Every structure is written in structure tokens, then in C-alpha cells.
Amino acid sequence: MPEDNNKTASLTSFKLNESTFLASLMPKKEIAADRFIESNPQFDGRGVIIAVFDSGVDPAADGLKLTSDGKPKILDVLDCTGSGDIDTSKVVKADANSCITGASGISLVVNPAWTNPTGEWHVGCKLVYELFTSSLTSRLKKERKKKWEEKNQEAIAEAVKNLDQFDQVRSRNSLRTCTVIYNGNEELTIDAEKHKKVEDISLKGIRADLQSRVDYLRKQADNYDDRGPVIDAVVWNDGDVWRVALDTQSLEDDSECGKLADFIPLTNYRIERKYGIFSKLDACSFVTNVFDKGNILSIVTDSSPHGTHVAGIATAFHPKEPLLNGIAPGAQVISCKIGDSRLGSMETGTGLTRALIAVVEHKCDLINMSYGEPAMLPDYGRFVDLVNEVVDKYRVIFISSAGNSGPALTTVGAPGGTTSSIVGIGAYVSPAMAAGAHCIVEPPSEGLEYTWSSRGPTADGDLGVSISAPGGAVAPVPTWTLQRRMLMNGTSMSSPSACGGVALLISAMKAEGIPVSPYNVRTALENTTVPIGALPEDKLSTGHGLMQVDKAYEYIQQCRNSPCVWYKITINQVGKATIIISTLDVNDPFLDSLEKLTVPSWQWTVQVEPKFHDDANNMEQLVPFEECIQLHCTENAVVRAPDFLLLTHNGRTFNIIVDPTSLSDGLHYYEVYGIDCRAPWRGPLFRVPITITKPILLKDCSPLITFSGMSFLPGHIERRFVQVPLGANWVEATMRTSGFDTARRFFVDTVQICPLKRPIKWESVVTFSSPSASSFAFPVEGGRTIELALAQFWSSGIGSRETTNVDFQVRVPYLPIESKLSALPADRDKLPSGKQILALTLTYKFKLEDGAKIKPRFPLLNNRIYDTKFESQFYMITDSNKRVHAMGDAYPNAAKLPKGEYNLQLYLRHDNVQYLEKMKQLVVFIERNLEEKDFIRLSFFSQPDGPVMGNGTFKSSDLIPGALEAFYVAPPTKDKLPKNCPAGSVLLGEISYGKLSYGVKKEENPVKNTVSYLVPPTKVDEDKEKNSSSTCSKSVCERLGEEVRDTKIKFLGSLKQGTEEERSEWKELCASLKSEYPDHSPLLAKILESLVSRTGDEDKIHYNKEVIDAANEVVNSIDKDALAKYFSVRVDPEDEEAEKTRKKMEATREQYTDSLYKKGLALVEIDSTKGEKTPIEDAIAAVDDSSKDGESGPKSCNRPDLFEENYKELERWVDMKSSKYSMLLVVRERRRGRLGTALKVLIDMIQDDGEPLRKSFMI
């Protein structure tokens, strides 16, 4: 009781005033940065350049415009991901009125004052939502929808009014005439006397059109889908630099705003350091960069507020609010966006590599990276290799976050916690931060590590966390958030805090002529920290402690003449066969499963190898290097090592002995470290961390274990290590709380380390509002140690005999249909070593017969970013109209796709062409879940032959702990296989068994075993390949002639027509073949097909006349009467000759209708090009004349309507409402002025999900 009272008194005595409150929002006192700048105001980061690897930095953000000495804060802003790239390779020229056609198809006016010596304008366009974050897009959609709904309601009212007026004039007792506003501003006058008959076809059509407009407008609210405005981009060279202008009228309510000609041109940001803002509504700033001689425009926006916040913590400068300054207000920034906007701000290998290239190009001193992911292999991968080069060769100091996956051990992420050349930062919270930034009423009496901060050691035994820094701050955020700054917390915040502190050190070192080395700076940081926590095991959470800038600089000054060296530690186990350890590649010892030891102690061989920078001089630095090292152990009773070591440049080995026999159950941490005998004040030059977990063994094979009496305070962590019994697959746990009167929040985490796998982690957060119990179930692997970590949140409380279930999914393998290897532009994809990065693009094609949720999987590449040798894996799924439906990277997401044909493009990068060549036949699996109606019920048997013999059905069994029992699964029968499941597909399912205990709130069993089935090839139809030569009446010469003819036609279709010379040769061959095979329909159809697929014709009218002539030749070559007569008679399907004739006639009919369809499209394009659209007055006149001749539709006194004639002929043969031909129906209704009906048909086409449109054209 007295201790509690004293504690309460200390908590309530903590008070803030205005200055300390503001200081707590941007914590600097905790790491002594405030004292350092106060003593050294000129060493506030001046002369230091920090590369921020993040989601992008907003150059318009508050505090990020200037440094403390008046220099530009942000030197360059780069989108390293390519998510903002626009293809501007299309070049156009302006007409006499300074007009150009933008990539979106609209006419744009360029400003005559813009200098463009060549007269060439590169154009491109982009959906603006692709540049925005999801939260900004959501805000804009909400505001735009509100305005749209107002206009839609007005349109509905007008449409209903027109329909009512139309109905009134048709009423017998109504007025004689009525005028209806039709097609916006055209008046349609209807005379009731002329149209008394209800069966008047034209009036019915007009009314149906008016009704369609009303129906469509009413349905729009349900079908509203805002895909965002399109912005046009124009790029040109003014003789000195590349310039960029955007047309953003689509973003503005006022049509006079956002015009291209009014845009103030931008250039690459690093040249003029200017940015633009899309519109006042979005308030989103952007910068531009031009690459590849104007063919690629990069519009750089941030993918989240994260990067701006991080840059603000490290470097923000507020001259009027100095307490809110960042750690190093004098430092400058290079913004390297590695968070891909297309992937929800996920980092990619491409972004990481380009960012490192930018670091070397801009001669950066520091890198901050507040990003990371789990990794299976520490200190491994393409990115790690490149980081080591940047650190060792270019002396760049790399600071990165350790991760937010705590409080369990071995949760540090890559690259910050798993890469030895990167300084990994944990997250610390002080009492002032808790009271000020977090607004805690009763803050903790002492500083502590945030509960969620990731912990070490790494899977290979390294410490994981190097040092800690404040993990929360109120810092600047982008302008589109509509606020100046906000609170964020995480190791993402502790990393820039530490990075800013290091920037202060570098600023001072440069000013005083001290050589800057990542090796010496890191040693200074680690040897001058303030410990957090009193136990040796706390180092796994906090690293060496809380960084102290002032002490670190004093250390650097003392060591200014010491060699710049890093000590590489490699560890090998002596007698490795006698011990089982839980690591794959042991560089530092992480000892586990101690009950399996066959000897009471064992030896490890430690190799210490000094490493110098790449530019080190052999005679001046390497040869003279010699240090007398005294070795120390933190606990000699457990760890023993030699006393001294003479270390030269070539390194030295020594043995250590570890004896854990006297240790109690639980976690134990020790170190062996080396001290320079001649300069002991330097502190440890290297450390060998030793982590031992001694698990609790379950006695008497009892599966139950209880941990009682655990007491918790805010931030307290209890760890228990248990040896999981063999045969166990999951654990059920119940947590009971008592003895408190306010809500308590707990983290419940478990971790198991297994060879060749990432650590098996399970986590849950539970809040107890009152003393109660909560149950959990989580998977485990038998025979290995599991850590159970229970932690009260740092700010909380201040003040089997069951049925087997199988669920299947289909995984279909595909090989690429095309592979393309290309060299990337050297201006942003060339490594500092001079190697050019290459790209491999693999194209896969697949088809969905029905809409499905699919997920592409690349087993060789997925789930690896940092521990892979390939620097990029990015895919996009597009349909035949090139619309993007899904995209992803190493962590693919499921996407809902409608039925249709799709292309999947996979993008890989590396500088070694041989690696990429080996990936050209990479298999992708298209994975989709089966619908419930397609679920397969499998049969289980107790005997191996049960699936064949049908006996020995397996029903249930009692499992004995540690014992194995087999059952056999029968494959699904052919009739049970789901449709659209081709041969080679893999059916994947999961089998679970056992029943969760009462009280465990879990819908599914946490442990599942995978079962798979490879769909075999179908039986080949023996009759299909049967030789039919016996029934063939044609001679050998006749058949040879047909084969030669068909080969010539096929060759004709393969010819290109890209140049005038190629077109001329193609025309000569066509003329030759037509003279050789006159009126041969397949030949004429192939000529028409080649014409339609041709692109690049400038004279559209002449081109479409060619198409019409070719279509007429096909139509004239076919006997329509014979064709109609044949399809009017039924054919015996069992007659082989009749079946052959049927296929031939169907092909002929297809050629005939296809020619009519293409002819119709060409006729429409000619009218569109000439501007000869049928006016609405012609349609009204046709209605008035219908009573005389009984016909309807637009007419002309001087010429027949060729389109209408062609349409009616096609209508005789096909259903014009089918997706294959319905576009002509849309055009027809459009020509007749019935826009509502045309729109209705168009919507039906889209919803039908049929075949894509064959050709695009203006309607």
C-alpha cells in the first residue's frame, strides 16, 4: 500500500506548462538534441542531406520549405515506384490556332507564349485518382457525388416532365399539339391529329426513348461509379529544359479554370524546385519529372501522409514556433517515394533500387527508411547487397525502423532490424510525451518502450534493435489532409528522430573536419546511450538504450583519430551434430530447445574480421592496423571466453563456452564484448549477443499448464516459454483477469522459430472492461519451443473426435505467351556501379467463363521483398480493352473479375541478363475460390485401397498424443469436378480436425492441413483424328491446290502494314491472290480483316471507303439465297458429311455478317469525320411522313441511307441485341435521336459481360 500511494503521488505531481507541452509534441529533450543545438547552434543539421525513403514528401507542407539558414529544404522529389508515370511518347503538332489533340481525345489550346523550338508536343493522360491516396479519393468522391446527385435530380425532374407532356398529347382529350424539349435543347413538336393511332411505330419509339431516359436517370444513384476525372499532360522542350503543363478542367466546377494554356509550366523539380496544385478542392500538391527524352512524365504525389510526417520529425523548421522544429532544422531532404500508390503505399523492389541510385547521385549523407516487412532470411537479398555497397563504398549512414510487431521476441522486420549495415531503431515514450502528445491524465513515472515496438533477436541471433528514440510526434502532414500537422506514433517516428540526431552529429563533424564514417558513428551511438530498463534482457527490446546526441558527439571528438572500422562477427558451432538449434544460418548464437542437449556445455568459434571502407589505403590504414582486445563476459558462470585477443586486419578467431545447465526456465541474455586495452574509454568495439530460452517441459504428458499470479502494470511484459508436445497442432489458452476497476488492454502474442520458415507468429489484442476471462486458439508446431508474451498496453490502466471439413479452391497454372527483355532508361535505372538495369515483361493470357474472385501466385517470388535477389515483381491484369482490373506485387491480393479474356503482365528487374533469361518460362497459378454450389464432398477411407475398392470408410477415431494415424482421401470423380477447371489445374483444400473447447470464439480451426488434386487430361476423342481420306472424293492435286491456297491466305494475314512500302507490297499481293482465286470468300474476308486491323491512316475517309469496298466484295462473293435456304432446313447431326457442310456454311455466314458489321462501322466513321450526322429534325420529319407511306426512320431526298440499308440486311441474319453486334444498334438509335434507348442498349452490353467491342469509333 505505501508503494502504491507513493507512486500515485509521483504520477499526479507531473505537470506541463505551455512550453513543455509544445516541446513534448516534437520530443528532442529525450535524446539531448535540444541541449546540443543550444550549445552548438551552427550544428543544427546544416550541410547534411537526408534521403527519405517513404511515401513521398509534400513540398508545400508547413515547415518543409526552408532550412534554418535559408536554403531550400527539399532538394529533389522523386517517385521511384513509377506509379505516377505517364506515357508521353505520342508526339503531336499544333495547328494554326495553337490547338493540339490531347491523349484523352479532347482539343487543347497551348499557350502561344510557351517556347517550343521543335514544335513537337508530347501528350499523355491519366486518371487523377491513380495519383491520389485512398483517403483523399474518398473525400473527393463524397463531395463530387453530392454535386452529382443535385444535378441528377434536376435531370430526372426534366425527363419526367417531358414524358408527361408526351403522354398528354397522345391522350384523346388533350391539346392538339405539344412541344417537348428533346435532346437537351431541340424542340420536338407533336401533332395529335396526325398521330391518333396508338400503333404508330415512330411515336412508340419516341415514347420508349423518353421512358428509357427516366429509367436510366433513376437507376444512376444505384449504379453510380466515380472513376475520377482524366487530366491531360503536355511535355515539350523549350531549348534548355523539358517543360510540363497539365489540363485540369475536369477537376474544376468552373469551365474557365484549369485550362492548359493557363497552367504555369513546371520542369524537373531539382532544377527550379517548383510544384503545382491540382485544384482547390483536392488541395493536393505535386511535382513533375521528365525522363527518357520526354517520353515518360512522372507526376509525383505522396501515397500517404506518412513520408511528410517523417521528414518533418527529422528536419522541419518553424521560425515562429521553434519548439515544434524537427530534430535537425538545418538539414536538407531528398524525397524518394518508395510507397507505390497503386498498391496502397506498399514498397516495391523497383522503388527501393531507384532510391539507392538517387542517394549516390545526390551525394546524400543519411538515409531514413520508416518502412519494412517480415523476412525469412536475415542479412540476405538483392536490396541488402545494394545497401552494403552504399554504406561501405559511399559512407552513407542508413537509419531504419525496427517494426511495430511487438511485444514478442524475434519480431523485428526487414530491413531495419535484420540488416547488419542498417541501424535499427526501437520506439521509446517518455512521461512528457505521454502527458503532452498522447494526453494521458496520469503518465508513467519513467520512460519505457512502446508495447508494440518490435523486439529482437533476429532469427540468426543478432540483437535486432540497435538503439531507441522517441516513437511519437506531432509533425507536418500534406496539404490535402486539410490540416498542418498531426500525431503519429510508431517506430516509423523513432527512426527519423534518431536520423535527425545523427544529422546533428554529421553537421558538427563536417564543420570541424572530422571524417564521417557509418562505422564510427554507429559505435558512438551504441556506446553512449542511456539504458532503458534494468535487466540484461531489456536490450532485446530497447537495443543498447536511448540515444544521446551530446554524449555521442563527445565520443566522436575523442575518437576522431581512431580507425574507421567495422567488426564483422561470424560464428560457427563446435560439434554441431550434438545440438539442435532453431536457426538456418547462424551468424550470432540464438540458443533454443535446450532440453535436447546431449552435453552440459558446448563451444562456439567466433571470428572477428575488421572491415574498412572500400577506399581505405593499404599501407596507411590496413597494414598498421593492430589492436589489443580484452574480452569480457557479462556472466562468467554461463559464458566463458579468452581474456585477450590480438586483432590485425586479417582478423582472428576465438572460442567461447556456454553452459546453461544452471539456468532457470525462461529468457536469458548475455554478451561477450571486446575492449581496446590501449583506449578502454572507447567502450565495446564489438559484441557477441547470446540469447538463451529455456522452455518449460510438460510433465507426465499432461497437455495442461497454468501460469498464475502474474501481476501487470502499464507497459509490463510477461514471457513464458513452453516446449510444445510432439503431435500438437494448436494451443487453446484462457486468460483470466482480476483486481482492477478500470479497463485494461492486453497484447497476447506467440512466436515459434522454425527452420526454413519465417517465425510463426500469432497475435491478438483484448480489452477487459471488468475482471473476466477470454479464450484463444492458435497454431503451433510440435516439438519446438513457443513464446507466450502477455503485455499490458503502455497507456492502459494508468490510473479431437470431429468431422473433417474440406474447402477447395482452384489453382490453374499458366505459362507466358510472350516474354520481352528490355533495357531501362539510364537516367533513373542505372546502378552506381555503372550496371544497367534490365526489365523482363512476361505476358500471360487467361479466360474466365464466369465472374470470379482470382489471385495470381508466383511461388518462386511471392511473399519476399527484402530476402530475394530480384529487385522487383509487379503485375497488372487488364482486359482486352486494356482496362486495368487489378495490380499487385510480392503480396498478391484477390480481385473480383467479370467473365472475359484477360492479360496478366509480370514485370521483373535485374542487371544480370542471365537471371532474367531463366525466368522467361516462369509459371503463374491463377487461384480462385469455388462457389458453394461447386464444393466437392470427398470420401475418406481407413485403408490404402479404399478409394479404389470402396470399402473401409473412415468415420472417426480417438487420437493418442504422440501417435500417428493414417486415413486416405479419395480423389473427386470426373462428374464432381467444377466447370471451367481445365486439365493441369490444381484443386487445393484444407483439412482440419478436432473440436475447439467451449469458450474459444473461433469460427474455424486454427490448424489446417493442405490437400491437393491435379486435374488429369481428358480422354482424347478417338474419332476426332480419324482419317477421312476414304470419304474424300477430291484428287491429290485438288487437295494440294487447296492447301497451297490456304497457306497463301494465312501468309497474307501475317503481313505487317506499318509503312507505306509494306502497304504497297500487301496491296500487290492482294491483287494477285484475288486474280488467282476470284470470289473466294475466305480470301476476301482475310483482306477485310487485315484492313480493319491496320492503324496509322491519316485520311480516315479514304481508309473507311477501302473497308467498305472490301466488305462489299465479301458480301457479293456469297450466295445469300443458298445460305438462307440451307439454314431453313434442319440437318441430321449424326451425318458426318452433313456436319462438315454445316460447319462450312456457318463459317460462310460468319464471314457475311462480319463484313456487314464492319461495313456499318466504316459508314458511321465516314459520317463522323465529315460531320454529317442525321439531325433530329430529319427524325421528326420522318415521323410526320410515316402516316403516308407506313415507313419510319430518317430519310434523304437526294440519296439513300446506306447505313440503314446495311443495318436492315444484317438484322435479317443476327440478333442485333447480342453483344457481338449491338454497337450498331447503339449507333442507329443515336442517329435517330433516341439517346435514351441508345444508352439503355449500351448499359445492357456492359452488364452482359459478353465479348468486348470489336472496334472503337465515335458515336
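Backbone N, Cα and C atoms are what each Cβ position is placed from, and that goes for glycine too.
Feature annotation from TrEMBL assigns domain 'Peptidase S8/S53' to 45-529.
The active site, charge relay system annotation in TrEMBL covers Asp54 (among others). Counting only same-chain residues six or more apart in sequence, the Cβ atoms lying under 8 angstroms from the Cβ of Asp54 (active site, charge relay system) belong to His306, Gly307, Val310, Ala311, Ser335, Cys336, Lys337, Ile338, Gly339, Asn368, Met369, Ser370, Tyr371.
Around His306 (active site, charge relay system), a 10 Å sphere centred on its CB holds 24 further CB atoms from the protein chains shown. Annotated active site, charge relay system per TrEMBL: His306 (among others), in sequence order.
Using a 10 Å radius centred on the Cβ of Ser492 (active site, charge relay system) and all shown protein chains, the other Cβ atoms total 28. Sequence annotations record features per position, and here TrEMBL assigns active site, charge relay system to Ser492 (among others).
In the predicted model, the domain 'Tripeptidyl-peptidase II first Ig-like' (601-692) shows an average pLDDT of 92. Look at TrEMBL and you will find 601-692 tagged as domain 'Tripeptidyl-peptidase II first Ig-like'.
The annotation domain 'Tripeptidyl-peptidase II galactose-binding' is assigned in TrEMBL to 712-796.
As annotated by TrEMBL, domain 'Tripeptidyl peptidase II second Ig-like' applies to 810-981.
45-529 is the stretch from 45-529, 712-796, 810-981 with the greatest number of Cβ pairs below 8 Å to the domain 'Tripeptidyl-peptidase II first Ig-like' (601-692).
Assigned with DSSP, the residues of the domain 'Tripeptidyl-peptidase II first Ig-like' (601-692) fall into helix, strand and coil as follows: 8 helix, 52 strand, 32 coil.
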